Amino acid sequence: MDGMDGMDDLDGGPEGGAPWKRMSKEELENQYSPSRWVVRLGAEEALRTYSQIGNEAGPEVPQVHLPYFIGEEATKRAQATGRNLLDVPYGDGEGEKLDIYFPEAVSEGLPFLVFFHGGYWQSGSKDSSAFMVGPLTAQGVAVVIVAYDVAPKGTLDQMVAQVTQSIVFVQKQYPGNQGIYLCGHSAGAHLAAMMLLANWTKHGVTPNLKGFFLVSGIYDLEPVMHTSENASLLTTLEDAQRNSPQWHLKTAPTQPVDPACRILVTVGQHDSPEFHRQSRELYQTLRRGGWKVSFEELHDVDHFEILWNLTQKDYVLTQVPLQETITGTSAHSPLLFVPLFISSWDGSTRGGVGSVPGE
């Protein structure tokens, strides 16, 4: 399902007529505060619950800074039970590190899932973001969790540059990879989407990008300028536009380096209307630009429960039919070509057994 009937009449871009421009400051703040849309917990209870694990921020942090409540424990399990390389430098900066988790049968041509954490560009850590490692390494996928300098230490421009460099590093370190699949949640989805615009030529390598999995992201940053998040992130409209994949894709459409590269834009049923609008409009813009893109609203989950579900091996987003992985047979649902599945779409088989680099 590469299209969504009835969606093409929605506002397709950030300019003129966007619903957020008619909102009061209070309503805009509400729309961009994910904790206020949690349905099984009230906002205050959600803040306490999701703050218990994996967040170093103090009680003064706004509710929109909810961390990933199961992240730290999931990461500890991944580090204790799997084959991995931790705190690998991908750049010269102190915060430019990544963790790599390998399946038991290491191949010369592994597929790689590269994950960028969320936290409104101001919190979160790779050390509490290894949610999906177990289900994916069990399926023969290497998982890379990337750290980047969050605000106020890092600017959005720096974060985008760091994420770009991390992908360049993975490609150079593993040039025989069977595909690099980018996955990001919330602010991490924004950073992953910015890679649709990257100029790889100046980095001397074109990464083997095969798919993008964008979960509950923000792709037009102009509305954020009018919320409490703006103080640490954006000072001018030019800042917002320069770091808005939706704005770039709308004003200067970019063609995919690999026409077969697939994108899945997802949003939780209980995300706010603004998060829904942002995801749908990115989907529409990509579709009109000729990208292989699908949109999916994930039933009965909120902005944070999506991450909990990624730890469950029987959840639809971390399942992969055997025939889909091995033969590349077409799927019955767009969820089955989620980059998390790292399917071999041309039907090729994986390379011979190798070893974890450094062993």
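Glycine is treated like the rest: Cβ placed from N, Cα and C.
Feature annotation from TrEMBL assigns region 'Disordered' to 1-21.
Sequence annotations record features per position, and here TrEMBL assigns compositional bias 'Acidic residues' to 1-12.
Residues or ranges marked as domain 'BD-FAE-like' by TrEMBL: 98-286.
Marked as motif 'HGGXW' by TrEMBL: 117-121. Secondary structure of the motif 'HGGXW' (117-121) per DSSP, as helix, strand and coil residue counts: 0 helix, 0 strand, 5 coil.
The annotation active site, nucleophile is assigned in TrEMBL to Ser186.
Taking a C-beta cut-off of under 8 Å and a sequence gap of six or more, Asp271 (active site) has these contacts in its own chain: Pro34, Trp37, Ser216, Ser279, Asp302, His303. The annotation active site is assigned in TrEMBL to Asp271 (among others).
Residues annotated as active site in TrEMBL: His303 (among others).
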- Note on the structure: Ordered by sequence, the long-range same-chain Cβ contacts of Ser186 (active site, nucleophile) under 8 Å (at least 6 apart) are Pro34, Gly118, Gly119, Tyr120, Val215, Ser216, Gly217, Ile218, His303
